[in-house]
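Take a look at the structure below.
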Amino acid sequence: MNARKLLRSFGYATEGIVAALKEQNLRFHVLAALVVFIASMLTKVSIMEWCIIVLVVFGMFTVEMINSAIERVVDLASPEHHELAKAAKDIAAGAVLVFSIASVIIGVLIFLPKWL
């Protein structure tokens, strides 16, 4: 692979991350991740638990970024209200909610036994 092309790809990806960080919901997830990482350090979770926590946190970032991308593309393609556009945005937001619920359940399973 061409090194220049690869570097350009990383540049575009970085621009995407910066754009995503301007979204309020992603900033909330970053703050939540900091709280989770601090709690993990204070609780002294195992290496396997760390792996799960890191995967869940970065999975949440990924799902939220995909949701934001879908919202922007739908807004571009359908500036006026359309039921299909609404459904696409609602489904993407629903995916974020499903992953959020799973993340909370995983957090409870990891932290609750250590705190009781």
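Quick reminder: no glycine exception, Cβ is built from N, Cα and C everywhere.
Because TrEMBL annotations are produced automatically, they should be read as predictions rather than curated entries.
As given in TrEMBL:
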type	residues	note
BINDING	TYR12, GLU23, GLU71, GLU80, HIS81, HIS82, LYS89, ASP90	ATP binding site
BINDING	GLU23, GLU71	divalent metal cation binding site
TRANSMEM	26-43	transmembrane segment
TRANSMEM	50-70	transmembrane segment
BINDING	GLU64	substrate binding site
ACT_SITE	GLU64	active site, proton acceptor
TRANSMEM	90-112	transmembrane segment
Residues of the parent chain within Cβ reach of the transmembrane segment (90-112), under 8 Å, 6 or more residues beyond its termini: 25, 36, 39, 43, 45, 49, 52-53, 56-57, 59-60, 63-64, 66-67, 70-71
Surrounding residues of the transmembrane segment (26-43) on its own chain - C-beta under 8 Å, 6+ positions past either end: 20, 49-50, 53, 57, 60-61, 64-65, 68, 107, 111, 114-115
Those binding-site residues listed as GLU23, GLU64, GLU71, GLU80, ASP90, and which of them has the most Cβ atoms within 10 Å of its own Cβ: GLU64
Largest separation between Cα atoms (Å) of residues that the record links to ATP, namely TYR12, GLU23, GLU71, GLU80, HIS81, HIS82, LYS89, ASP90: 31
Greatest C-beta neighbour count within 10 angstroms, which of the binding-site residues TYR12, HIS81, HIS82, LYS89: LYS89
Three-class DSSP secondary structure - ASP90 (ATP binding site): helix
Distance from GLU64 (substrate binding site) back to LYS89 (ATP binding site), taken between C-alpha atoms, in Å: 12
Rounded to the nearest Å - Cα separation of GLU80 (ATP binding site) and GLU64 (substrate binding site): 24
For GLU64 (substrate binding site): DSSP state (helix, strand, coil): helix
